[in-house]
């Protein structure tokens, strides 16, 4: 049963930035829960100290590098990231005495790039290139680390320390917060660490009872890969969402691939309307990937049926995307303005 009102029971004193990571609330989305007859619960990962779910993985991949002797004090953390992992890494770099170098696609919001620079990171926005291309931002990050003394490429996409962060923290938190009543889990994947770690934990803890569905944006290969068992992967299309979707099966997804029960492709039209609906009806200002995840949770609830408890992830807030998602010209450029429901157009206040 969800508690109401402002809560006064809080964790005790924690040690620094890293001590503040995790233990995020699980929010019941009341209007959607009432509409579906299910409990739709969303993990408020935007409450992590760096502002996103990626703080968990950022800490674990740095700790992994330290344990393996790849990184010592004064060294350099190097990563390829769409933004949020980089922000988490930059915070941790400041806290632990490292330099931080980030390579990222030049399609990401300027707010993400600026935030990384504010945190002292060296940022290299590079043209978008597929993973098979040596100019892909991840490969450029790897080469930078290889050519820099005392530098470690943390390899968030294939380093299973990412998966482990969610297997050891996010998954157990969800299980404890729902008192083991969770019936379904769904979220999108970028690296796949959140989806994989939570799926692995909930499957093991429930003896396979908890269903796990991948939520995929247009332009990502996972939906078609799962639906055709890898025979006809298709990544046609594109999405306004940032940091999710994938053109391959990453090293974090591979270990749980056979545990995936189903996949859903979520069109941008539904995600953008959910962005405004959550603001309008729930008072939640979230990023595009979070809104896609909530659409997926609603779809999963309809599939599982009334009375079920479905959990998803609220990856980050909407602040880094505001200049785009409240902009008529941006929405028109993505062919989204005309599909937004009339009652939500009052929020589009930027030219």
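FYI, residue positions are counted from 1 along the chain as it appears here.
For all residues, glycine too, the Cβ spot is worked out from N, Cα and C.
The pyridoxal 5'-phosphate site recorded in Swiss-Prot comprises 190, 191, 192, 193, 194, 289 together with one of 48, 84, 106, 133, namely 84. Residue 84 (pyridoxal 5'-phosphate binding site): 29 other CB atoms within 10 A of its CB, across all protein chains. The two recorded residues residue 84 (pyridoxal 5'-phosphate binding site) and residue 54 (N6-(pyridoxal phosphate)lysine) have their Cα atoms spaced 6 Å from each other.
A Cβ within 8 Å of the Cβ centre of 84, 190, 191, 192, 193, 194, 289, the residues given for pyridoxal 5'-phosphate, is found for these other residues of the same chain: 53, 54, 57, 85, 162, 188, 189, 195, 243, 244, 315. Note: the Cα of residue 194 (pyridoxal 5'-phosphate binding site) and the Cα of residue 54 (N6-(pyridoxal phosphate)lysine) are spaced 9 Å from each other.
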